[in-house]
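K.L.:
Before anything else, here's the structure in question.
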Amino acid sequence: MEAPYSMTAHYDEFQEVKYESRCGTGGARGTSLPPGFPRSSGRSASGARSGLPRWNRREVCLLSGLVFAAGLCAILAAMLALKYLGPGAAGTGGACPEGCPERKAFARAARFLSANLDASIDPCQDFYSFACGGWLRRHAIPDDKLTYGTIAAIGEQNEERLRRLLARPTGGPGGAAQRKVRAFFRSCLDMREIERLGPRPMLEVIEDCGGWDLGGAADRPGAARWDLNRLLYKAQGVYSAAALFSLTVSLDDRNSSRYVIRIDQDGLTLPERTLYLAQDEGSEKVLAAYKVFMERLLRLLGADAVEQKAQEILQLEQRLANISVSEYDDLRRDVSSVYNKVTLGQLQKITPHLQWKWLLDQIFQEDFSEEEEVVLLATDYMQQVSQLIRSTPRRILHNYLVWRVVVVLSEHLSPPFREALHELAKEMEGNDKPQELARVCLGQANRHFGMALGALFVHEHFSAASKAKVQQLVEDIKYILGQRLEELDWMDAQTKAAARAKLQYMMVMVGYPDFLLKPEAVDKEYEFEVHEKTYLKNILNSIRFSIQLSVKKIRQEVDKSTWLLPPQALNAYYLPNKNQMVFPAGILQPTLYDPDFPQSLNYGGIGTIIGHELTHGYDDWGGQYDRSGNLLHWWTEASYSRFLHKAECIVRLYDNFTVYNQRVNGKHTLGENIADMGGLKLAYYAYQKWVREHGPEHPLHRLKYTHNQLFFIAFAQNWCIKRRSQSIYLQVLTDKHAPEHYRVLGSVSQFEEFGRAFHCPKDSPMNPVHKCSVW
C-alpha cells in the first residue's frame, strides 16, 4: 500500500479567457443577409445613389430598420460564437454547454500552470526546477506542517469540506453513524473537559494493566501472580498496542481466499530500528529526544524512579531493534523468504516462553486446536524474543508493556501530554508549531469513523459522473499496459501470458464503495457508544469494536471488494494480495483531476498516479503475487533474471542522487521508482490514444507549450513540495519513495518521449544517451 501522497490547489481568482471561434472565422465574417435582400454591388457611395429604386419615404425607413436589425443580429451571433465555440469545447463535438464551465476550467488550468513554472530554467537541464520553480518561490511551509506541496493543498480543501460537514448539528436526517461521528468530533474539541480530567483516564488504563513496577514494588504479593501472557492480552487484545510483536488478521498470502492470523516483528516506538542504534548524529539527536519524552510522560503519570524506568524501557527497545530486520532490507522485500506457516504447536516450540493457545483463545474468544495454522513472518526474531523474555527481569518487561499502551493513547490526553509529543516530533521532524485542535480532531474522526465521514463526503463532493469518467481513464491506461506487455522484448511468451492474466483479473475501485450509499450498512461499522463528554472512552470503545470486527474475520469468507481506506483519503494504493487498485474520491480532485480540464493535464496528473499504481502489480514487490493475489512465482527464470537486470539499472540511477548530503537508497526505493517510471509511460501513451480518438486539443490560452509538453509539466507539478530539513533525514531513512525532486528527474530523464517533446539535445541531463527502462 502507498503512503499517503500526504482538497482544489491554491488557484487564484482566474479571469475568463476569450477564445476565437473553433471554425477560425471572425464573428461577422461569412454573415449573409436574409434571402430576398439584394447585395451591394461594390459601387462608390455616390454611384450607389443613382442605382437605388425610387421608393417612398416609408419604404426607405422600413428598409433602414431591417438592415439595422440584421446587423445587430450579426453582431450578437459573433459574440455568441466567440463565447461558446473555441478551445474550451475541445472534444465536445460542438458548442460547449451553457455557462461553458470547461472554458473557465481551461483558464484556471493555464493560470495554475504558468504560476508554478520558472521559465528562466532550461527544462532540459532541470525539469523539476523548471516545472515547480514558481511554486517553490511563492510558498512557505506552514508552521504546523512538516511539508507542503500541491497535493497538500488539495488536502486543505478536502479538510475544509469535512470540517463543514462535521460542524452541522448532530440531529436531523442521516444514520446513527453520521450522528456518532459528529458527537465524536465534538468530544475531541472539548479541550476544557479533557484538561479537567488530566491524567486520570490514562491512570485508570495503567491500573487495568497492573500499574507500574508490578503494582509498585517487585516484592509485593501481586508480583508473584504476574503473568506476561495476561498483560500481552491487555496490550494487544484490549488496547491494540503492539508489544514485542504484532498480531493481526490478514489475507493468507499463499491462499488469498482465506484469512489467517499473522505474527510479525513489532514493538518499537520510533519509526525505524536504526534510530535506536545511534549510528549517526541525526539518530543520536532523535534518541536523546525520545528519552526526554519518556521521562516527561512518566512524570506526568506519577511514576517513581522516572530516569531508571525510562532507561530500562529504552534499553529493552534497543535490544528489540538489534534483533529486528529493517523493513527495507532485501530479506523483508522477498515475501516468500519470510513467509512461514506453522501450527500453534510448532509456534509454541519456537517461542516456549509465551502461551500462544491461551493468548489467542482470549483475544479471539475461540478454542483453537494445536493444529490451527498461523503465518509467522519473523521466525528468527520470535526465537530471539523468547530468549529476551527469559533473560529480562519481569518488572522491566511489565513496565515496557505498560509503556507501549501509554504511548498508543497519550496523544488523546490533556495538553501537557500533547506538548511532550510535540517536542519529540519537533526534534525528529522540525515542525515548529503543533497542529491546531480542529485538524487533530478531524484526523481522529478520519481514523475512527472513516467510512461514516466518507459517506458524508461523497454525498456532496463526488458525483457518479466523475466516477464513470475516471473508470474510463483507468481502462485506457490498462489497455496501454496490455499493449506494452506485447511489445516487451525481454519477457518471454509464457510470462507475458501470466502478466496479461493478472491485468485482466485486476480489480479497480474508484471513488467510494457502494455500501456507503446505504446508511444502515454504514451504521453496522460503528456499533459502539459515543458521548460528547468522554473523548478517551470514545477512543477506547472504537479500538475494542475494531478488534472485535477484526477477530471475527478469521472464520469469515473473504470479500476482496472491501476498501482499506475511506473515500476521503488523499491517497491511492495497490494491494498485491487482492490484485486490487483503489482510487478514493479524496484524490480525484482538482488539480490532480478535473473533468473540465484539458485531457493532457488529467492524464499527466491523476493519470500518472493511476499508471503508478498499476505498475506496482509488476514491480519487485507486487510482481511476487499472481492474478488471484496469491504469493506465487509466475515468471520464468529467464524473464525474471532479465527483469532483475533492468531493475539494477534503476537502482544505480537513484543511488547517484543526493539530498542534504544524504544519498538516496536506490534499492530501498526501487519499487516506487519502477512504478513512477512505468506510470509516466503508461499515462503518456494513453493520452496519445485519446488524441488519436478525439483529435488534438486546442492550446491553453497564453501558454506557448504543446499539450505533450503540458502532460509532462502536469506530472512534475504533482510533486511540487517543500520539506523541513529534519523531515528530509527521516524521509530518506524510512520512506519507500525517493525525494520528490528525483521522482520527477529520474522518471522524465529515462523516457525518450520527454526528450522529444522538449527538443532536449542528446546527452543533456534530461536526455541521457543510456536510459533505464523496465515497462
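Glycine residues also receive a Cβ, built from the backbone N, Cα and C atoms like all the rest.
Remember, it's a predicted structure, so these values are computed and weren't measured experimentally.
Below are the features I grabbed from Swiss-Prot:
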ACT_SITE  Glu613  active site
ACT_SITE  Asp676  active site, proton donor
DOMAIN    99-775  domain 'Peptidase M13'
REGION    23-51  region 'Disordered'
TOPO_DOM  83-775  topological domain 'Lumenal'
K.L.:
Going by DSSP, give the three-state secondary structure for Asp676 (active site, proton donor).
P.N.:
helix
K.L.:
What mean pLDDT score does the domain 'Peptidase M13' (99-775) have in the model?
P.N.:
93
K.L.:
Would you count the other CB atoms within 10 A of the CB of Glu613 (active site), including those on all shown protein chains?
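P.N.:
Glu613 (active site) is surrounded by 24 other Cβ atoms within 10 Å.
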K.L.:
Using Cβ atoms only, which residues of the same chain lie under 8 Å from the residue listed as 'active site, proton donor' while being at least 6 residues apart in sequence?
P.N.:
His612, Ala738, Arg743, Gly746, Ser747
